[in-house]
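Asks: Please see the structure below; I have some questions.
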Amino acid sequence: MSAVRRVMALASTTLPTKSGLSLWCPSSPSLARRFPARFSPIGSRIASRSLVTASFANENREFVIVGGGNAAGYAARTFVENGMADGRLCIVTKEAYAPYERPALTKAYLFPPEKKPARLPGFHTCVGGGGERQTPDWYKEKGIEVIYEDPVAGADFEKQTLTTDAGKQLKYGSLIIATGCTASRFPDKIGGHLPGVHYIREVADADSLIASLGKAKKIVIVGGGYIGMEVAAAAVAWNLDTTIVFPEDQLLQRLFTPSLAQKYEELYRQNGVKFVKGASINNLEAGSDGRVSAVKLADGSTIEADTVVIGIGAKPAIGPFETLAMNKSIGGIQVDGLFRTSTPGIFAIGDVAAFPLKIYDRMTRVEHVDHARRSAQHCVKSLLTAHTDTYDYLPYFYSRVFEYEGSPRKVWWQFFGDNVGETVEVGNFDPKIATFWIESGRLKGVLVESGSPEEFQLLPKLARSQPLVDKAKLASASSVEEALEIAQAALQS
């Protein structure tokens, strides 16, 4: 098996399609067996740690957030809402920007200039969650110190001290780790480092890709997940020869049923996108100018490309925090229902946190903006107040593609719940489509494309309540609207 095949296979097989929460990370055995007693959700939040007086004049900080993504921005807002930010909170980020809504980077940020692309400061947090736009000036006005372009390189938990790349030392009272993930990369020896090969996690990554798109003619996107789908849709707006390559048999295998995948694949083909499915990549080839020029497959065939985007998953950005308790089965830093690690005074939120998924009684790690926002808010409320309710997250996934001006069909789907059990599909892009997952007679998950605001609001109610539904009656529905009415009636019975 080639090195790339191993990387791509790992990215796909570590997220199984049959055992629940297949969108994000594998589920682990029940919490009762896996969750140690020391992670009790009720108890002292400060334990034996020492309190640190806030003073930006010296190196002490009462609260420090490491990371500058969605979770950091929403955590900062929650500190402000509780009157605990001014002169007390410090955010340390490796990026040059204040926290922003990261999903934009593979959506509107990639639109060509004539399609009105998104740009900062337009999508700073917390606009994606309906909140105020937190520009750099907002942090200054709220008395929040932000240290830009200086990532944390070391941590001494006994001394409650962080050291940055530049050598700056920060002493903290409470530490919130919100470092997110890093993109999985192709090894350098097979061309993963070549000019014209792109990975997207930050604004700088997206800017580099846009520079390539402006000159590109042929683009190959490696990975059939939602990142690959979003980048491919953006490439269509640039009028590029676009090919998606992935090892699975269908698009977005972790969520879509084969029938649903077939419908979306046809939609992409109508927009000129080509698919190479079940493919293993041997290496990326360089042209005479040193830039990527082709993607060579394991079967010996090649696909010409002057731009390649790798979207094969991500890994928790553990960095200097590897000595904290980790969850070895699903990755990430182990936390309890209040996002406390086993080390007093240290919390982890967002993509990097392995937490108890209360609704399904298992541990998980979720790489999604919705969880980043909600985990940040829950963690800070628990840290600052007497709030002791454990986090009760309902898995949620969405994507929006082809939303630029002139697109014949704008696509927006939402999913809530657990994609397990049998499925019922209703509709045929007329203009809607819905898929229901049913296990032991109960509705476990539901996906709707092009729903109304009222229909989208119904989905989490259905997924959380898991009502008993008549599968045959759902299957006989003549429209998505009728199917949702049947499900809603089951909810109310």
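Using N, Cα and C of the backbone, Cβ positions are placed for all residues, glycine too.
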Asks: For the FAD site that Swiss-Prot lists with Gly68, Gly69, Asn70, Ala71, Arg102, Lys107, Arg201, Glu202, Asp351, Val369, Tyr398, give the additional residue from the candidates Glu81, Glu95, Glu114.
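Replies: Swiss-Prot names Glu95 for this FAD site.
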Asks: In Swiss-Prot, Tyr226, Ile227, Gly228, Met229, Glu230, Arg254, Glu367, His368, Tyr398 are given as binding NADP(+), so which of Gly167, Gly173, Gly313 is in that site too?
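Replies: So, going by the record in Swiss-Prot, that would be Gly313.
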Asks: Would you identify which of the binding-site residues Lys107, Arg254, His368, Arg373, Arg400 has the most other C-beta atoms lying within 10 angstroms of its C-beta?
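Replies: It comes out as Arg373.
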Asks: Rounded to whole angstrom, what's the largest C-alpha distance between any two of Tyr226, Ile227, Gly228, Met229, Glu230, Arg254, Gly313, Glu367, His368, Tyr398, listed as binding NADP(+)?
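Replies: Looking at Tyr226, Ile227, Gly228, Met229, Glu230, Arg254, Gly313, Glu367, His368, Tyr398 as a set, their Cα atoms extend up to 17 Å apart.
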Asks: Give me the long-range Cβ neighbours of Gly68 (FAD binding site): same chain, 6+ apart, Cβ under 8 Å, in sequence order.
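Replies: Looking at Cβ-Cβ distances below 8 Å from Gly68 (FAD binding site), excluding near sequence neighbours, one finds Ile91, Val92, Thr93, Lys94, Glu95, Tyr97, Ala98, Pro99, Val146, Tyr148.
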Asks: Report the nearest neighbour of Lys107 (FAD binding site) in space among the binding-site residues Gly313, Glu367, His368, Arg373, Arg400, comparing Cα positions.
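Replies: That would be Arg400, nearest by Cα distance.
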Asks: Based on Cβ atoms within 10 Å, give me the single least packed residue among the binding-site residues Tyr226, Tyr398.
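Replies: Per-residue Cβ counts within 10 Å for the binding-site residues Tyr226, Tyr398 bottom out at Tyr398.
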Asks: How many other Cβ atoms sit within 10 Å of the Cβ of Glu202 (FAD binding site)?
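Replies: So the Cβ neighbour count for Glu202 (FAD binding site) comes to 21.
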Asks: Consider the binding-site residues Glu202, Gly313, His368, Val369, Arg373 and say which one has the Cα lying nearest the Cα of Gly228 (NAD(+) binding site).
Replies: Gly313
